[in-house]
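Noted in TrEMBL for the protein shown:
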- 435-457: compositional bias 'Pro residues' (COMPBIAS)
- 248-415: domain 'DUF418' (DOMAIN)
- 418-457: region 'Disordered' (REGION)
- 21-39: transmembrane segment (TRANSMEM)
- 75-97: transmembrane segment (TRANSMEM)
- 118-150: transmembrane segment (TRANSMEM)
- 162-184: transmembrane segment (TRANSMEM)
- 232-251: transmembrane segment (TRANSMEM)
- 263-287: transmembrane segment (TRANSMEM)
- 299-320: transmembrane segment (TRANSMEM)
- 348-367: transmembrane segment (TRANSMEM)
- 373-397: transmembrane segment (TRANSMEM)
Amino acid sequence: MQPTPFRGASHRILAPDVARGLMLLSICVANVSTAWLSGTEFGAHFQRGAGIGGIATSPGWLNASDRVLIVLNDIAAHFRGLPMFAFLFGYGFGMIVQSLARRGYDSRRARGVLAKRYAWLLVIGVIHCVFLFHGDILVLYSIVAMLLVIGVNWSTKTYRGLIGVLVALVIVQLVLVPGITLGSTAGAPSSSPATAPRGQDFPQLFITSSYLTHVGLGVLAALQYVLLSPLYLVQLGPVILGGLIASRYRWLEDAESHRPSMLPWAGCGLSAAVVVGVAEGCVQIGWWPADWEPVLAAVNYATGLVAGPGIIAAIALMLIPVQRRLLTVGGQPSAPISWLAALGRMSLTGYVMQSVVLHILTARYLLNVGHGHGATVAFLMALGTWSLTLVFAVCWAKAGRRGPVEAVHRLLAYGPPAGTRHHHTPGPHAAGPPLTAPYPPTAPPPTGSGPAEWPPR
């Protein structure tokens, strides 16, 4: 006999939230070394691996630690958090579409709700890009989401065909224009030689002498993302669409039923991340020829398209016993899982908060710390920043409130809640979209049941 679900409390599905919490650590580690810290102060002895923090010149434990962390960065951070973000973003988009369809919205009204939601997210992304971090990823994802609104009722078969076309274009792009990828700083072109600091092709975008200059260059960076969005759409599209398709099959909500399909993804994704990450890391630390870097950089980028969904699948599989217990007998998950989930639920706040902290730490006109000290110092800065956001999220969650940025986004997109202002208690399947409001939106009342093709399948 099947266990009877516990009715004493409602629980969100843990996998998306925990994955977002870990994703923010990966993004923070990658961004600190490729964007926030300058590689120009390393000198000749720091050129190896300078784009991933650099290697200390003096022999000893710090030198060895830098080398190990550079390899680990290539395995777990460099172009790992970004495809995780893309998959979860697409998954969240799909969940909102399904939520609106269940509540009786036809495709036309659903498009209106979604367009407004992601238009405001685009505004938040532009503000973040201009005033805080030029490597912002919200601008690109918002543009992609607004394009997805057009095909909100397309069939899964259509999306699969589109993924095939985009993958073919990615291969062509990697062959013809290998230097322009989203492998570092969310859009700054990536250097090809191993002796050049990755992500430092345009260090003036990140290391400026005054805040006024920083803002001016932020405007240029935002324009760059808008103008090059078709190119980046090709790179992001396959993973985002994969997440959208997975949401239609309730991949993360019912991981136990989808275990046969998730295991190959997890195995292939994790294996590819380790093998290719170690290979590129060996080039970065000087063990393998620097001439191999252009090819390995392209392969590492392609690997990320598989590794991102694979890592999420692995997280969902590991959480199956915990989720089953929560849904059958109740209780709470362990403290580490609860902490990660708390940060994941307010991941937009966590992402913006990273930029605030790191801007204060690294800006030339503020504290100006961390530059030119190697990968170990860069990693510790990233870990400390992420830990600070984790503590904030846990404390904020105890008050039972949405993340501050999530609350602002929700207010802008949907207006103040009608009637009562009490907090919504999520059901067991309210996983919510990544880096946006954690629960299905409070949209206007529906007008009808919608056409036959709705909800999409």
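Cβ atoms here come from the backbone N, Cα and C positions, even for glycine.
Owing to the predicted nature of the structure, the values given are computational and were not obtained by experimental measurement.
For the transmembrane segment (75-97), the most Cβ-contacting stretch among 21-39, 118-150, 232-251, 263-287, 373-397 is 232-251 (pairs under 8 Å). Touching of the transmembrane segment (348-367) and the transmembrane segment (21-39) is concluded from the presence of at least three CB pairs under 8 A, sequence neighbours closer than 6 excluded. The stretches the transmembrane segment (299-320) and the transmembrane segment (232-251) are in mutual contact, each linked to the other by at least three Cβ pairs under 8 Å (pairs 6 or more apart in sequence). Per-residue pLDDT, averaged over the domain 'DUF418' (248-415), rounds to 93.
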